[in-house]
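Trainee: For reference, TrEMBL lists these features for the protein:
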| type | residues | note |
| --- | --- | --- |
| TRANSMEM | A:24-47 | transmembrane segment |
| TRANSMEM | A:68-90 | transmembrane segment |
| TRANSMEM | A:110-133 | transmembrane segment |
| TRANSMEM | A:145-169 | transmembrane segment |
| DOMAIN | A:282-410 | domain 'Oxidoreductase molybdopterin-binding' |
Amino acid sequence: MIGSTLSLVRTALASPARHPRTAVVLGRLLGLGFLICFGTGLFSHLLQDPLPGMAFLTRPVWLYRLTQGAHVIVGTALIPLLLAKLWTVYPLLFAWPPVRSVAGLLERAMIALLVAAAFVELATGLANTFQWYPWPFRFRETHFALAWAIVGALAIHIGVKLPVIVRWWRRSGSTDADGALLPVADGEGDLRPEPRAKGVTGAIQRRLERAPVPPAAVSRRTVLIGTGLASAAVVATTAGETLPALAPLNVLAPRALRYGPQGLPVNRTAAEARVQRTALDPAWRLVVRGPERSVALSLDDLRAMPQTDAGLPIACVEGWSTQAAWRGVAVRDLADLVGARDREWLVRSFAAGAYSSTVLQREFAEDPLTLIALELNGEVLHVDHGYPARLISPARPGVLQTKWLRSLEVR
Amino acid sequence: MRAARIALVVLGGLLLVVAAVALVAGVPARQWAGILLWLASAVVLHDAVFAPLVLVGTRILRRFGARTSWAGLAVVQVALVVGAALTLVAFPGIRAQALGARNPSVLVFPYALHLALLWGGIAVVTAAAVLLLGARRRRADGGRGA
């Protein structure tokens, strides 16, 4: 009874585009996309929590802008792609018997994990860019753990399906002379036409099959073009928050390139951080603590030091980024003041919160473009951008570009 | 092939172990039930709500397609897919805006309005494409008749 009902469901779901070749074409793009997101995500994670002994590239200065921009852009493009891939293989959900062996059970469990983790990863990632957190768990740690689950389940899924993937990888082996997809023979994958049923089931099946079906080529092109255009559309309307070329099309992204004080978006304002009074206090000093001596510098002291200009982007983990012109004191020059070159620093902010103290690794501290910035785009730093002084360094996530500085201490 | 398959499954198993370690190390145990609920809900929402709706919609649309033109139907289906994808991506913006942005440089656009305009644009382009296809087909039919 269940078996014949499910057979009818599969008959109703039949479409010329539901074919292993479609699953392979969409699946390899999806797999590549998830690998790009995994790699760029892992890079971003390690920049924030380096493993012992790890060092990072400080050039090109837009490296993190590129990797994190790609992370969010590709992740957004994966939303239509994932739905299209699942549309293609949806009839397999109604296979009967549901499992034939222990290996089959594991395979289905792996697919369930892969699909669930992929959905939650893309949904929470997208919502995070809008700073909307409707879930009862930590975002960053969960996003990180699910990323490993996705690549793990994906590797197993590819391992299981490898013969089918190889069979339908090339177009030349997948279509006949007229360009129509070849029928799926035994052992070449699922998604084969339903076998003829008898009795009542057979009668309902014939009735379902009498419903009109578009020509195979039209059906397949509709799926591929629809998916491609949908991915292109979601990228075109959001990627302008980091790609200047697409900025005119940006109508759905959480941020706009130059929208914020001094032409730069802000993640946390001075009001949110409750630092306005401290930031504007003339008694403010930046304490630089070396291994043997310390100095406390006023804003005038800092302005009296040699000033360095740096064109560096602010690139946020949320995927937006904006290029800006910064001016201030090179961290290397401050390090010379206390005789602490080639060292790692603990950078403290007078704002409380998750990133109130960050580690400035040696390679960033030694980079001539790493500044204690006092000016932004030709003006005195806006209080929302970290007045009186903030850190800015090349190729690092925005959350590590500590604002409202209090001290730099040699580690 | 056999060696590659075994290697992939073993590699996948190892990566899943890392996932479990990352979860245990990073997320407090009292939040695991919430993660499980979200994972299960995602699958149920897709498999039991979204996909059946797409099936019903497709079967209704196909009847129109059979009576009018398959190419016209394909254009309408592509338009619906693009519009649906834009709606999904716009939804967090609309929702977050309703709850209030953290500061003026987050959520910078009127997302509901922009989504409505995008749907309007899609409708106009789709209608034009369908009319164009229809006119071309009538011309082709007329040519054969003459």
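In case you wondered, yes, glycine gets a Cβ from its N, Cα and C as well.
Since the structure is predicted, the reported quantities are computational estimates derived from the model, not experimental observations.
Could you place the listed features in the three-dimensional structure?
Mentor: Through the fold, the transmembrane segment (A:24-47) approaches residues 54, 56, 64, 67-68, 70-71, 74-75, 77-78, 81-82, 84-85, 88, 118, 143-144, 147, 150-151, 154, 158, 164-165, 168-169, 224, 227, 317, 396-397, 400 of its own chain, all at least 6 residues removed from its boundaries and within a Cβ separation under 8 Å.
Beyond its flanks by at least six residues, the transmembrane segment (A:110-133) meets 34, 72, 75-76, 78-79, 82, 86, 139, 142-143, 146-147, 149-150, 153-154, 156-157, 160, 253-254, 318-320 of its own chain at Cβ-Cβ distances under 8 Å.
Mapped onto DSSP helix, strand and coil, the domain 'Oxidoreductase molybdopterin-binding' (A:282-410) counts 23 helix, 52 strand, 54 coil.
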Trainee: Under an 8 Å Cβ to Cβ limit, what residues of the same chain, 6 or more beyond the ends of the transmembrane segment (A:145-169), are close to it?
Mentor: 20-21, 23-24, 27-28, 31, 34-35, 37-38, 41-42, 107, 110-111, 113-114, 117-118, 120-121, 187-189
Trainee: Looking only at residues six or more beyond either end of the transmembrane segment (A:68-90), which have a C-beta under 8 A from one in the stretch?
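Mentor: Cβ under 8 Å, 6 or more out: 13, 17-19, 22-23, 26-27, 29-30, 33-34, 36-37, 40-41, 44, 115, 118-119, 121-122, 125-126, 129, 190-191, 223, 226-227, 230-232, 234-235, 238-239, 242-243, 315-319, 321, 397.
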